[in-house]
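In TrEMBL this protein carries:
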- 32-204: domain 'Bicarbonate transporter-like transmembrane' (DOMAIN)
- 67-86: transmembrane segment (TRANSMEM)
- 92-114: transmembrane segment (TRANSMEM)
- 126-142: transmembrane segment (TRANSMEM)
- 148-169: transmembrane segment (TRANSMEM)
- 181-199: transmembrane segment (TRANSMEM)
- 209-546: domain 'Bicarbonate transporter-like transmembrane' (DOMAIN)
- 219-239: transmembrane segment (TRANSMEM)
- 251-274: transmembrane segment (TRANSMEM)
- 314-335: transmembrane segment (TRANSMEM)
- 418-437: transmembrane segment (TRANSMEM)
- 449-470: transmembrane segment (TRANSMEM)
- 491-508: transmembrane segment (TRANSMEM)
- 546-585: region 'Disordered' (REGION)
- 547-556: compositional bias 'Acidic residues' (COMPBIAS)
- 573-585: compositional bias 'Basic and acidic residues' (COMPBIAS)
Amino acid sequence: MTEAEAVIRDQSGWIVTSAKKDLGPLDFTGRIGGGMMADIRRRAPFYVSDWTEAFYPENLQKTASTILYLFIAALAPAITFGSRFLDGTNGQFGVLEMIMSTSISGMLFSTFAGQPLSILGATGPFLAYTLVVYDLGIAFNLEFMPLYFWTCMWCAFFTIVVAVFDLCALMKHVTMFSEDIFAGLISLIFIIDGVRPIIQNFADCWFVSTECVPPVPLPSAFFELLLFLYTFGVASYLSHFRRTPWLLRPVRNFFANFAVTFSLLTASALAAIYSTETNLRMLSVEAELAPALTLSSGAKRPWIVNPMGIETEFPVWGIFFAIVPAIGFAVLGYLDQNLTSVIVNRPSNNLQKGPGYHLDLFVRGAVTLPACAFLGLPLSVASTVPSITHVISLTTYEVQQLPQGERKVPVKVVEQRATNFLIHVLIGCALFLAPVLKFLPRAVLQGVFFYMGIASLTGNNLFDRFFLLFKLERRNRPSYIYVQKLPIKRVHLYTLVQLICLAILYGLKEIKETSVVFPFFMASLAIIRKALRWMFTPEELKYLDSYPDEDEEEEMGPQPDLENLPEPPQESNEVKKTGEKEVEI
């Protein structure tokens with residue numbers, strides 16, 4: 001086989017086979033807009049099937065359960081982040097704006113993007129950086145909403161430039177070293193932000209002065225803890241319920257498919273019974289569909305932001321000053337969007353239709369960012385945890401028996417746009433359910449948040465290697481290829497480097513004075529990875545920071561990306577033994 005005839009596998013996970021070496025999704029084309037046009041040509045033949053495949057008879061149950069589950073899974077972060085935006089910006093925007101941003105951005109993105117499996121929504125890094133923009137406005141005496149408008153518009157301009165000039169190709173220098181740290185950061189944000197309010201309840205009760213009335217009475221704190229644990233525990237147990245011997249298989253599948261929905265509804269019903277006695281904190285949502293910001297006149301701000309000032313005149317110099325935070329937003333959006341897309345398009349996910357990195361970024365810069373700017377909404381970007389969950393939910397797996405164990409591999413993914421679009425349509429409908437949303441306890445939403453963060457840890461190579469630190473005896477370690485090929489001390493050293501980078505990244509995000517620079521440290525992870533060539537040999541990096549070759553997979557057994565994948569919450573297929581492997585049908 002000649003080099004020109006070889007199969008080309010690049011970092012995006014899309015495989016190209018042709019008589020000549022074609023440019024891959026992350027190659028520079030040398031033409032303005034060349035990468036974007038290549039994305040359009042790659043995805044255009046599938047556009048009709050992207051809308052119809054979801055409704056094929058064999059895909060209907062998976063589609064329906066995916067929509068319902070991801071609706072809750074995407075709405076919970078929107079609500080939670082919305083309340084954080086409300087507190088952090090002193091009421092500039094809140095829950096309704098975050099829900100609207102998620103809905104509008106998601107519908108636009110799922111309609112025009114090249115990779116519609118990516119779910120758009122709020123992320124912890126974007127929350128942190130929005131608060132940086134708010135603090136800059138306070139420091140320079142600039143009205144926040146006009147400053148935010150110009151920041152978003154400059155960010156949109158920079159994002160379009162990046163897409164048009166094929167700069168997504170720089171992602172070829174981003175390896176699993178950076179991917180796993182980024183995914184770990186998002187998971188930690190979900191986990192810590194999920195459990196933090198519960199811990200804060202007890203801190204307020206036990207460490208405030210006795211002369212002060214605690215914000216949350218001790219009985220309420222304990223009951224919120226109970227609801228939090230109930231939501232997380234029921235969702236975790238039911239998501240694996242189909243593996244238990246209880247009840248009939250169709251019933252087990254039903255409970256597993258709707259695990260999160262069932263846990264949220266039952267926890268809310270439990271809270272409703274005792275809410276009066278325990279004084280639970282419920283979700284704070286405006287009764288009317290109006291912006292959160294109240295003007296000095298007592299009226300709500302208009303939905304369309306006046307870029308030259310709402311209550312005071314916005315100075316011309318402020319328009320150009322907005323370039324500074326816009327650069328940070330553009331860097332953060334570039335990394336958030338593309339790292340999530342790289343993770344979604346990993347070879348282990350077995351996607352067939354190909355990615356669209358440049359097109360995805362262009363749609364975000366030309367469509368979703370301006371929409372959020374004009375309406376004064378928090379920005380939405382491809383969110384890693386919901387996106388991974390979306391892919392898992394639409395995947396059918398087979399369990400292969402190997403010499404050293406078994407592994408689950410994806411055999412079919414329902415790649416389409418309909419689930420993404422309808423998920424965000426339902427999120428938009430939640431805007432009109434304010435009276436119902438007021439009955440959702442915050443503790444229940446925190447439980448969903450925590451569950452999503454814990455579930456997303458599975459399959460992250462960084463955390464797979466982290467748990468190896470506690471398995472001192474060799475016989476207790478999983479048969480990962482790097483465990484078999486490398487000294488365990490070298491594996492631990494590589495893990496330690498990643499953990500240090502993750503800790504620095506999270507610390508920069510959390511500390512108010514340094515949060516402005518954390519997008520740039522995230523970008524520097526690719527440089528840090530290249531510097532590791534001074535600490536590790538090429539052979540060590542081959543096993544620690546690359547996708548294993550197929551022949552090595554067969555030889556060594558389960559791999560980190562494939563072993564112990566979480567049971568897909570939407571999967572309803574039975575498992576049938578067929579000789580050397582079990583195949584879900």
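Cβ coordinates are placed from backbone N, Cα and C, and glycine is handled just like the others.
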Legend entry - Beyond the flanks of the transmembrane segment (251-274) by at least 6 residues, Cβ under 8 Å: 61, 65, 68-69, 72-73, 223, 227, 230-232, 234-242, 244, 280, 439-441, 443-444, 447-448, 451, 567, 569-572
Legend entry - the transmembrane segment (219-239) vs the transmembrane segment (67-86): 3 or more CB pairs under 8 Å: no
Inset, instruction - Would you confirm whether the transmembrane segment (181-199) and the transmembrane segment (491-508) meet the contact rule of 3 or more C-beta pairs below 8 angstroms, pairs 6 or more apart in sequence? - result: yes
Inset, instruction - Mind checking which residues of the chain, 6+ beyond the ends of the transmembrane segment (491-508), have their Cβ under 8 Å from one of its Cβ atoms? - result: 177, 180-181, 184-185, 188, 462, 465-466, 468-469, 482-483, 514-515, 517-518, 521-522, 525, 528, 532, 535-536, 540, 544-545
Legend entry - Chain residues in Cβ proximity to the transmembrane segment (67-86) (below 8 Å; excluding those fewer than six residues from its ends, i.e. six or more beyond): 92-99, 101-102, 106, 119, 121-122, 127, 130, 190, 193, 257-261, 264, 283-284, 292, 378, 383, 386, 389-390, 393, 419, 422-424, 426-427, 430, 437, 440, 442, 445-446, 448-449, 452, 569-570
Inset, instruction - State the non-local partners of the transmembrane segment (148-169) in its own chain: residues 6+ outside its ends, Cβ under 8 Å from one of its Cβ atoms. - result: 26-29, 32-36, 92, 130, 133, 137, 305, 307, 318-319, 322-323, 325-327, 329-330, 333-334, 338, 357-359, 361-362, 364-366, 369-370, 372-374, 376, 379
Inset, instruction - Establish whether the number of Cβ pairs under 8 Å between the transmembrane segment (314-335) and the transmembrane segment (418-437) reaches at least three, counting only pairs separated by 6 or more residues. - result: no
